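Trainee: Here Swiss-Prot flags 1-49 as domain 'VWFA 1'. Look at Swiss-Prot and you will find 67-156 tagged as domain 'Fibronectin type-III 1', backed by sequence analysis. What Swiss-Prot records for Asn98 is N-linked glycosylation site, and it gives sequence analysis as the kind of evidence. Per Swiss-Prot, the feature domain 'Fibronectin type-III 2' maps to 158-250; the stated evidence is sequence analysis. Here Swiss-Prot flags Ser231, Ser324, Ser415 as O-linked glycosylation site. Sequence annotations record features per position, and here Swiss-Prot assigns domain 'Fibronectin type-III 3' to 251-340. Per Swiss-Prot, domain 'Fibronectin type-III 4' is recorded for 342-432. Annotated domain 'Fibronectin type-III 5' per Swiss-Prot: 434-521, in sequence order. Swiss-Prot lists 523-613 with the feature domain 'Fibronectin type-III 6'. The domain 'VWFA 2' feature in Swiss-Prot is assigned to 633-805. If you look up Swiss-Prot, you'll see 821-910 marked as domain 'Fibronectin type-III 7'.
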Amino acid sequence: DVEIFAVGVKDAVRSELEAIATPPTATHVYTVEDFDAFQRISFELTQSIWLRIEQELKSIKVKSLTPPRDLSFAEVTSSSFRVSWSPAAEDAIAYLVNYTVALGGEEFVVSVPAPTTSTVLTNLFPKTTYEVRVVAEYPEGESPPLKGEETTLEVRGAPRNLRVTDETTDSFKVGWTPAPGNVLRYRIAYRPVAGGERKEVTVQGNERATTLYNLFPDTKYHVSGVPEYQSGPGTALNGNGATEEVVGEPKNLRVSEPTTSTAMRLTWDKAPGKVQRYLRNLHSRSAGGDIKEVTVKGDTSTTVLKELDPGTAYTLSVNPLYASGAGTAVTGEGATLQERGSPRDLIIKDITDTTIGTSWTAAPGMVRGYRIAWQSLFDDKTGENHVPGDTTNTVLRNLDPETKYRLSVYANYASGEGDPLSGEATTEASPDGKIVKISEETETTMKATWQPAPGNVLNYRVVYRPRAGGRQIVAKVPPAVTSTVLRRLTPLTTYDISVIPVYKEGDGKTRQGSGTTLSPFNAPRSIKTSEPTRSTFRVTWEPAPGEVKGYKITFHPEGDDGYLGEMMVGPYDSTVVLEELRARTSYKVNVFGVFDDGQSPPLIGHETTTLRDAPRSPIPSSGLDCTTKAQADIVLLVDGSWSIGRPNFKIVRNFISRVVEVFDIGSDRVQIAVSQYSGDPRTEWQLNTHKTKKSLMDAVANLPYKGGNTNTGSALKFILENNFRPGVGMREKARKIAILLTDGKSQDDIVAPSKRYADEGIELYAVGIKNADENELKEIASDPDELYMYNVADFSLLTNIVNDLTENVCNSVKGPGGLNPPSNLVTSEPTPRSFRVTWVPPSQSVERFKVEYYPVAGGRPQEVYVRGTQTTTVLVGLKPETEYYVNVYSVEGNEISEPLAGTETTLPIPSVRNMNLYDIGTTTMRVKW
């Protein structure tokens with residue numbers, strides 16, 4: 001082999017030099033900057049070359065020395081083994097044995113003088129591989145090594161100190177001190193010493209004990225424990241153990257075949273284990289009783305106790321006897337029989353539909369209790385009660401109604417039951433079973449229905465007759481049928497009906513009921529009560545079919561017929577408010593249809609008044625002040641019928657106050673009269689009664705509630721003839737206005753009176769509330785309906801129309817002779833923030849103009865005023881791109897005209913145009929647009 005040193009000069013690549021040179025590169029590769037730098041590395045390079053020459057010479061010399069041969073190992077244990085070899089050359093001085101753990105660790109050296117060629121290496125680790133090198137020593141040096149490997153054995157041994165504890169009849173626990181070394185498992189073998197099957201179990205090597213189960217009782221066992229290693233089994237540890245004898249108690253001690261005199265049989269289930277004998281004890285429970293003991297063979301499980309006292313209770317015990325001693329005794333009780341008897345004098349009482357009460361005279365002797373058995377004679381149902389021996393009565397419950405039962409009372413003694421005391425009884429019919437239900441009533445028929453009677457019914461006998469007296473009618477109904485139609489009855493007549501089930505033995509329990517045939521007059525329908533207050537509530541119904549002439553309403557507190565209220569309303573009324581009721585009281589209401597020849601059956605409803613009235617918010621003031629020099633005569637016609645009620649009439653008064661408060665009241669301004677109507681109209685005050693607003697408002701606040709039917713047509717005619725006439729304040733040149741407030745449909749004609757209002761130039765407003773007929777309101781009101789007709793669903797909603805109504809009535813007061821509005825509205829010159837408004841003034845001169853404007857989308861109105869000679873103005877401060885409402889009014893003093901209306905939209909903000917950049921520098925520029 002050639003050993004190469006590489007020297008690189010200047011630009012030589014070191015990686016190429018390292019690839020060329022012999023390893024290691026640290027002593028075989030050198031680099032210099034140029035040829036002049038050789039002096040720097042010459043000493044180091046020369047020294048490396050000489051060192052390698054010396055090493056090679058020594059290696060050549062060693063190779064010439066003869067090494068030992070044939071390395072072998074023997075006598076391997078867990079901590080030692082023997083190393084042997086064949087001798088080297090005759091001039092070998094000694095042998096050096098070097099050994100170390102093969103995976104790395106401290107190296108040990110043993111010197112063996114020649115000519116010895118074997119040695120034992122000791123104190124080794126168990127189950128460990130060692131690397132061994134043997135070198136022959138010569139005067140000239142050491143030979144090359146002879147190498148080999150050997151592995152020590154694992155540690156193996158025997159467990160110690162075998163222990164047997166926790167012995168039972170079929171198990172004991174085996175424990176031991178662990179065996180040395182790495183035990184994989186322990187194999188525990190055991191068999192009876194007297195001979196038998198050998199069994200074994202294994203446990204983990206880290207366990208120190210195990211329990212052997214399913215052993216024979218009272219048996220000695222030979223036990224052996226062997227540790228198992230990876231390399232094989234260790235040494236066994238032997239010992240003995242024994243199970244305990246089975247000791248227990250007999251089970252299920254039973255007494256049978258007792259007699260009235262001297263004997264009873266005692267039987268038990270055998271005790272476990274090898275019982276030698278049973279010890280039987282017998283002890284009378286009476287004071288001073290003797291204890292009798294007798295033993296029987298261990299294979300016996302029954303015996304007869306003799307020479308006993310009659311009617312006597314005994315305490316009994318059976319105790320098993322084993323070789324090791326007594327087991328546990330089983331105990332019980334038994335008694336000889338007594339003489340038995342029967343109760344007497346059975347009494348049956350307090351019978352209901354599901355119960356029967358019974359009592360009897362006590363049976364003789366020591367009765368422990370009574371069993372009362374019952375059986376239905378109609379079917380297979382049975383049952384029984386139990387009572388203590390000192391009780392002589394009971395109630396049989398959960399029986400079937402209307403059923404015949406056989407009852408038997410048995411006296412229960414310690415020795416059994418005596419003969420029964422028997423009797424029979426029949427339960428009553430159930431509450432529903434006693435009733436005949438009536439349905440499908442007509443004027444001449446009704447249907448009778450009843451619950452089926454139990455048992456074998458032959459038929460039902462149906463008997464009915466008028467309660468007021470008359471001929472009795474009898475019908476027969478088959479047993480499978482439980483209803484029938486009674487025919488040929490008199491209208492509006494109450495009948496008493498009886499249904500009797502008929503049996504072979506006789507009649508059963510009677511079922512009774514009553515029913516009334518219908519009136520030939522139909523009742524109203526669908527009654528509804530609502531709006532309860534402390535003293536009122538509303539009753540509403542659907543009209544009765546036919547030529548009804550009116551409705552009668554009666555009402556009284558539930559359960560108190562003595563306080564009966566009654567009222568009548570017309571045929572077109574279908575609602576009424578009942579008044580002057582008790583607070584927090586349930587009322588029953590009857591609504592009858594009244595016809596020419598009689599009245600219908602009642603339509604019945606119920607309602608409860610409240611403890612206190614709910615607070616009502618007053619209708620707010622409209623805030624309008626109707627300022628005008630015009631004269632007007634206004635007549636309010638107010639519906640005061642029963643359908644309104646006092647609580648709602650308070651709202652009506654408040655509504656009237658909000659309407660009339662806007663006017664300037666006086667003989668030269670506005671005059672207001674009020675008439676109230678129901679069945680017959682009446683004037684509350686005339687046009688000229690109140691000269692001031694205060695006087696008028698006081699009168700409205702105290703307007704009384706009239707009550708009655710809704711006759712709107714006659715009321716309209718009434719105010720034409722009684723309120724719109726000169727003698728009571730009507731002025732010829734004043735504008736004439738009528739306002740009707742009603743909550744129902746008129747029961748008389750309204751077409752002709754309404755036409756008279758139009759003919760006489762009277763403006764007529766119609767305000768309908770709740771139950772008002774909208775078509776009727778349109779017929780009454782002046783045209784157009786949008787201006788003169790109002791209809792709200794409830795009195796509380798009057799607040800929603802008070803402003804519109806007041807404003808429209810104010811305009812009617814002003815009339816067409818007021819200020820004329822400007823005309824010909826033109827908008828122009830729109831910008832993003834403004835536009836111009838221009839108009840043509842009215843024919844008459846005005847003091848000034850008011851221009852009102854606000855966004856169409858919503859917002860607070862703004863206004864500007866200009867002189868009466870000016871007909872244009874610019875509205876500024878507006879929002880860009882926004883549509884505005886514009887109203888222009890003529891203004892003269894406190895009078896203001898109707899508006900001249902229009903719209904205009906502002907322009908959007910324009911974008912920048914013609915932008916130029918100039919004077920551009922490094923950090924600045926100018927912008928022009």
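Residue numbers in this text run from 1 along the chain shown.
Cβ from N, Cα, C; glycine included.
Quick one: where do these features end up spatially?
Mentor: Taking H, G and I as helix, E and B as strand and the rest as coil, DSSP gives the domain 'VWFA 1' (1-49) the counts 26 helix, 8 strand, 15 coil.
In this structure, Asn98 (N-linked glycosylation site) is part of a beta strand by DSSP. Contacts of Asn98 (N-linked glycosylation site) defined by a Cβ separation under 8 A and a same-chain sequence distance of 6+ are given as Glu107, Phe108, Val109, Val132, Arg133, Val134, Val135, Pro145, in order along the sequence.
Long-range Cβ proximity for Ser231 (O-linked glycosylation site), meaning a same-chain Cβ under 8 A and a gap of 6 or more residues, is found for Leu153, Glu154, Arg156.
Across the domain 'Fibronectin type-III 3' (251-340), DSSP classifies residues as 0 helix, 49 strand, 41 coil.
Spatially close to Ser324 (O-linked glycosylation site) yet at least six residues away along the chain are Glu245, Val247, judged by Cβ distances under 8 angstroms.
Broken down by DSSP into helix, strand and coil, the domain 'Fibronectin type-III 4' (342-432) contains 0 helix, 49 strand, 42 coil.
A sphere of 10 angstroms centred on the C-beta of Ser415 (O-linked glycosylation site) encloses 20 other C-beta atoms.
According to DSSP, the secondary structure content of the domain 'Fibronectin type-III 5' (434-521) in residues is 0 helix, 41 strand, 47 coil.
The average pLDDT the prediction assigns to the domain 'Fibronectin type-III 6' (523-613) is 90.
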Trainee: Please spell out the DSSP helix, strand and coil residue counts for the domain 'Fibronectin type-III 2' (158-250).
Mentor: 0 helix, 48 strand, 45 coil
